[in-house]
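A short write-up of the structure that comes next.
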Amino acid sequence: MGHPPVSPSAPAPAGTTAIPGLIPDLVAGTPWPRWALIAGALAAGVLLVSCLLCAACCCCRRHRKKPRDKESVGLGSARGTTTTHLVQPDVDGLESSPGDAQQWGCLQLSLEFDFGSQEIRVGLRQAADLRPGGTVDPYARVSVSTQAGHRHETKVHRGTLCPVFDETCCFHIPQAELPGATLQVQLFNFKRFSGHEPLGELRLPLGTVDLQHVLEHWYLLGPPAATQPEQVGELCFSLRYVPSSGRLTVVVLEARGLRPGLAEPYVKVQLMLNQRKWKKRKTATKKGTAAPYFNEAFTFLVPFSQVQNVDLVLAVWDRSLPLRTEPVGKVHLGARASGQPLQHWADMLAHARRPIAQRHPLRPAREVDRMLALQPRLRLRLPLPHS
């Protein structure tokens, strides 16, 4: 008896345990059409390849991240430019490029001394990388140690860590006093209703600077000084101007942080026109307090054509005896002001008919009186008279 014939269409490969005809039988036994099975197989293949690619990318990122972290911690990998002539030779790494700024950032500064007029011109160009982790509203304050009471404040730059100042200020310093003079540049974060936050500062001994020619360099900022200048208090008030009627309204809200021991503090509001006393008003006195609350409003008629020529001075006075009064501190606003008072005045003009409130640090009376004569008038952009 012979063996039954074997179908040539389903040969069993040598050396395998697969059941002959298993896959064709499974395909034939499924209720789905063949094209659906092929499409499903292709989709499964694409999904498998995608998963493998994602896993490979994750592994590569982990391997790349580790050397970067190690490199950012090491100080030896920091790149910077050095020069053979340093403005401050006794301070290592003072000059640097903006990319090398450390925790407090850096400042670009130019210095020029006029031997004829005995003046030093300080050019504030820009700052970079002031503070990581969020934007600030920075401004700069410039002073010289030999010129007590004379300082310059820049305008506020909103929402930036790299403000561009492009402002120049001058200080009169006799050439003989240059070796002992120190230039101080302080940067602050502007806050309308609280104390301004220090961002860093630069102290540059002018005796170590070669002022025979114009200098322009980047300087690293250091931490703010632990001891801040003595404060005489703060005054909070609002300003409102209506160009069509010329009504300037000043609301004196409160003072705080005044020196203890004041008998009867009060606030005097004074308007000056073309550097001459024009109008003045004053609040009621508050007995025996270093934080008096006033909430008194005063209205002055200032024609729109005279806004650029007006100076507004708010001064806190103390009446210790019936016939004796002494100033505690003053705030000067107007087109000839600088820093935060100038910013407050500009905000009032830019937002006509709206009261703009702000808290200002009081400055010594002699300092404000001197600034009234020193500061040149700055033309501000005014609203339209019909607004």
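Cβ atoms here come from the backbone N, Cα and C positions, even for glycine.
Model, not experiment: these values are computed from the prediction.
If you look up Swiss-Prot, you'll see 1-34 marked as topological domain 'Extracellular'. Sequence annotations record features per position, and here Swiss-Prot assigns transmembrane segment to 35-55 based on sequence analysis. The annotation topological domain 'Cytoplasmic' is assigned in Swiss-Prot to 56-387. Summarising the annotation, Swiss-Prot assigns region 'Disordered' to 70-99. The feature domain 'C2 1' is assigned by Swiss-Prot to 103-219. Here Swiss-Prot flags 231-346 as domain 'C2 2'.
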Residue counts (helix, strand, coil, in that order) that DSSP gives for the domain 'C2 1' (103-219): 9 helix, 62 strand, 46 coil
DSSP helix/strand/coil residue counts for the domain 'C2 2' (231-346): 14 helix, 67 strand, 35 coil
